[in-house]
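Working notes for the structure below.
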Amino acid sequence: MNTVRVTFLLVFVLAVSLGQADKDENRMEMQEKTEQGKSYLDFAENLLLQKLEELEAKLLEEDSEESRNSRQKRCIGEGVPCDENDPRCCSGLVCLKPTLHGIWYKSYYCCKK
């Protein structure tokens, strides 16, 4: 019975001492991995930031192109009624009261200059 107790005590002491060593080793490994993880996270963050900046630049470029062309897209074409106070006729057209068919409609139309 004493041998069983001594053996059990010896195994218990070895398990505790080796377990503590493993715990310290695990703690050191975890610190190393978190330091490596931080560098990976910084790298990934920088990469993501670059991609987002490129995407933002493309979107702003598309918006500026759209705004340059938007005047011509939103202008009023020839023969379309317009407001004499706020003419939005396309380039080369003027908002005038026509001589013939304007009499019936009492309106201004975009006509060539």
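Glycine residues also receive a Cβ, built from the backbone N, Cα and C atoms like all the rest.
Per Swiss-Prot, these features apply:
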- Cys75-Cys90: disulfide bond (DISULFID)
- Cys82-Cys95: disulfide bond (DISULFID)
- Cys89-Cys110: disulfide bond (DISULFID)
- 61-83: region 'Disordered' (REGION)
- 1-21: signal peptide (SIGNAL)
**Study point:** Other CB atoms within 10 A, centred on Cys89 (disulfide bond)
**Key:** 21
Study note, to complete from the structure: As a whole number of Å, the Cα atom of Cys75 (disulfide bond) is distant from the Cα atom of Cys89 (disulfide bond) by 5
Study note, to complete from the structure: Taking only the CA atoms, the spacing between Cys89 (disulfide bond) and Cys95 (disulfide bond), expressed in whole angstrom, is 7
Point to revise | Protein Cβ atoms within 10 Å of Cys110 (disulfide bond), excluding its own | key: 21
Review point. Among the disulfide-bonded residues listed here, Cys90, Cys95, which has the most company in the form of other Cβ atoms within 10 Å of its Cβ?
Key: Cys95
**Study point:** DSSP three-state assignment for Cys110 (disulfide bond)
**Key:** strand
